[in-house]
């Protein structure tokens, strides 16, 4: 029994590692790639594509649990993986209609994939193994930020223009990686307990497959209605209203480090032939910061209130240092100057070392906020964890979508200023929630 569950967790992690090696690499370079292929027949925006993904993802989270309950987590993850692979394939021969259509589809698929992943991980864990299994899965997943970006560095370092050959060879490789990750889900085995249940169901010859699926659907819809009602109540609680500011900030900085900052580095003319290669190195440094922060703050620091506030404060300071260095080091027009290169002069002579340090700080700070948001929600809403986490992903994704849409229009200074203001307010609100817990002993319930 234990061997099957360990096998499932490892294969699940490898599948996500491969799929998100392709997807995170794509997101990091998407705007740069799209601007390099713009012509009379193709005009698109990587920022808009990513904005659509996160916007659709936020809404799809509301009904994803129902779909997963009806289809089952394994089938849902496989179908979602197919959508991810389709999105990667679009960049081999880009077209505006296919780019935005697959952006919409992958937004739906992402919600299904992550919901199914949570169900499947729980099915293959118990009270004694859930922490270990979660650690194994997240450790494999975080490595996805390393390998694809390493390829970008070696393949693009020293080039000033991304040719059709560069693009096609890269996305063919990413497509193969994504397909392999999708096929991993077909190898997953049913947990031993589930196999026993299914064998009993198969023995009930009076109950046809059609009736079983109908019962599942009715039960899933009933559960979805109950969860939606709980979500509406939670939205009205003071705790969620305060934490929503911190959740919103996590969405803004997610869009910045995952799609905007790498584009800024690639467009900075002061970096010369090294600019395009820096996009890959930046992604690697963000990944290292995420892995270090996730391991240190997610596993070492438990649910101590003092440590939660300390970690969030550290995340704010780390991000503000990164934002200030970026403000000094990167030209103000970098998010907008993809083809022509930057024309504005930064306050300092751009340094690749400072740029990569900022990438590391962005990843480290992001892990500070996310680990502690997960921690406080899991602690406060232990009995209503699913609706609470759905609210978190909804707010985070909506704000990430908005940030991607304005990133193609606002100068870098204004984008950094927005994150500073919301980051400060989010940290302050997080502190207020912890103070409420200290004063009352138990946080308000709706």
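Even glycines carry a Cβ here, placed using N, Cα and C.
Counting same-chain residues at least six beyond the ends of the transmembrane segment (6-29), those with a Cβ under 8 angstroms from any Cβ of the stretch are 50, 77, 81, 84-85, 87-88, 91, 117, 120-121, 124-125, 133, 136-137, 139-141, 143-145, 147-149, 151-152, 171, 174-175, 177-178, 180-182, 184-185, 187-189, 191, 258-259, 262, 266, 279-280, 282-283. Feature annotation from TrEMBL assigns transmembrane segment to 6-29 (among others).
Sequence annotations record features per position, and here TrEMBL assigns transmembrane segment to 50-71 (among others).
If you look up TrEMBL, you'll see 91-114 (among others) marked as transmembrane segment.
For the transmembrane segment (135-154), the list of distant contacts is 9-10, 12-14, 16-22, 24-25, 28-29, 117, 121, 170, 173-174, 177, 276-284, 286-288, 290-291, 294-295, 298-299, 363: same-chain residues at least six beyond its ends, Cβ to Cβ under 8 Å. Taken from TrEMBL, the feature transmembrane segment applies to 135-154 (among others).
Marked as transmembrane segment by TrEMBL: 169-188 (among others).
Counting residues 6+ beyond its ends, the transmembrane segment (240-258) has Cβ neighbours under 8 Å at 24, 27-28, 50, 54, 234, 286, 312, 319, 359, 362-363, 365-366, 369-370, 373, 376-377, 388, 391-392, 395-404, 407, 415, 418-419, 422-423, 425-427, 429-430, 432-433 in the same chain. Per TrEMBL, transmembrane segment is recorded for 240-258 (among others).
If you look at the transmembrane segment (278-299), the same-chain residues 6 or more away from its ends with a CB under 8 A from one of its CBs are 24-25, 28-29, 32, 135, 138-139, 142-146, 148-154, 156-157, 257-258, 261-263, 265-266, 271, 311, 352, 355-357, 359-368, 371-372, 374. As annotated by TrEMBL, transmembrane segment applies to 278-299 (among others).
Same-chain neighbours of the transmembrane segment (311-327): 246, 253, 261, 264, 297, 301, 347, 354-355, 357-358, 361-362, 364-369, 371-372, 412-413, 416, 419-420, 423-424, 427, 430-431, counting only residues six or more beyond its ends whose CB sits under 8 Å from a CB of the stretch. Residues or ranges marked as transmembrane segment in TrEMBL: 311-327 (among others).
Residues annotated as transmembrane segment in TrEMBL: 347-365 (among others).
Residues or ranges marked as transmembrane segment in TrEMBL: 386-406 (among others).
For 412-433 (among others), the entry in TrEMBL reads transmembrane segment.
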